[in-house]
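Engineer: The coiled coil annotation in TrEMBL covers 166-193. TrEMBL lists 200-331 with the feature domain 'Hflx-type G'. The GTP binding site annotation in TrEMBL covers 206-213, 232-236, 254-257. Annotated Mg(2+) binding site per TrEMBL: 213, 234, in sequence order.
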């Protein structure tokens, strides 16, 4: 059995006007995903960040004394709740000594992505994001990086260490961009073949841990689909063919979750993955109904959607985990979000009711047609032949056969 070493750390956060308690709670959870236990939180209220130290120097001395007093414990990290500059990092390090590693929120998220990257594309994307972060950090390097050299295969004639490091990282970034382009082209070919099928396509988006993977697992009844409570367990799009209760086939896609202050390097590196959502007919924005900060998280996801410039305009909010709500909270949410859906991802009856309502949303799209038809008994084979391609919304028997209301893609000329 693999033994996981849990390292302890302390967390530092500067609070300006905005209350950061929920952000701190989230960072503590993020740290646990990379086996760091946050033992204590240090906060300081300031009008603005200190350009030299991030917080006041006195607060850093307080942290140093705390760490000294607990030298026998396994405290290895000082975790900073915000992204810090290289100058701030160096100055903090000078005060608290080199016995502790300083990592900021961006690095924590990057490390979670690195641990969860399983596919070729996601591994390239994470390395690319990490190198972009490292490259931006070099901008704060000072005179200690200014030595020149002329060794073959190392620093070029008259080139500083800083220039060499930037050149080396930039070269690797360009190599990864080419690899990502090639890998994405192969994936896009699969996506284009899927797009040719006359089935509606739905993309699941939402704040990380909103229940996207749980919903997809219930829809597919796939026992091999792994659902994790950990952040960012899904980095690559997961596409599954789902049949609606009416018989119409569809595709549902789960992709990477969003989070507040998602590093811009990750947004840029994963843009090709996120843009796959543009291939969908409807975007389903999943929201954890039990989350006390759900309104803020809705805003974060909406902001990300705008940033990625999704072409499709039809976005539907779907609140999950309603089985954990009391009646009062449930009614309040229905009043606040009247055009939304409310589901229990683990209850098949709840999911089927959701699907029966969701299919009707396709009326808002020009690509799909709702039509009433008469099928005689001797022609019923035509319906059986179109299994999955059309959906039967209602059916009543008459003297000649059946009167039906069906849904189909406009490209299907039968009926």
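Each position is counted from 1, following the chain as shown.
Any Cβ shown, glycine's included, is placed from N, Cα and C.
Worth saying up front: this structure is predicted, and the values here are computed from it rather than measured.
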Engineer: Same chain, outside the coiled coil (166-193) by at least 6, Cβ under 8 Å from its Cβ: which residues?
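Structural biologist: That would be 120-121, 124-125, 127-128, 131-132, 134-135, 138, 159, 269, 272, 276, 279.
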Engineer: Tell me the residue counts in helix, strand and coil for the domain 'Hflx-type G' (200-331), as DSSP assigns them.
Structural biologist: 47 helix, 33 strand, 52 coil
Engineer: Between residue 213 (Mg(2+) binding site) and residue 236 (GTP binding site), how many Å separate their Cα atoms?
Structural biologist: 12
Engineer: Give me the CA-CA distance between residue 212 (GTP binding site) and residue 234 (Mg(2+) binding site), in Å, as a whole number.
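Structural biologist: About 9 Å separates the two Cα atoms.
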Engineer: Count the other Cβ atoms sitting within 10 Å of the Cβ of residue 206 (GTP binding site), across every protein chain shown.
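Structural biologist: A count of 26.
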Engineer: Hey, what's the Cβ neighbour count for residue 212 (GTP binding site) at 10 Å?
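Structural biologist: The answer is 30 other Cβ atoms.
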Engineer: Using all protein chains in view, find how many other C-beta atoms are within 10 Å of the C-beta of residue 233 (GTP binding site).
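Structural biologist: Within a 10 Å radius of the Cβ of residue 233 (GTP binding site) lie 20 other Cβ atoms.
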Engineer: For residue 234 (Mg(2+) binding site), just count the other CB atoms lying within 10 A of its CB, please.
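Structural biologist: For residue 234 (Mg(2+) binding site), the 10 Å Cβ neighbour count is 21.
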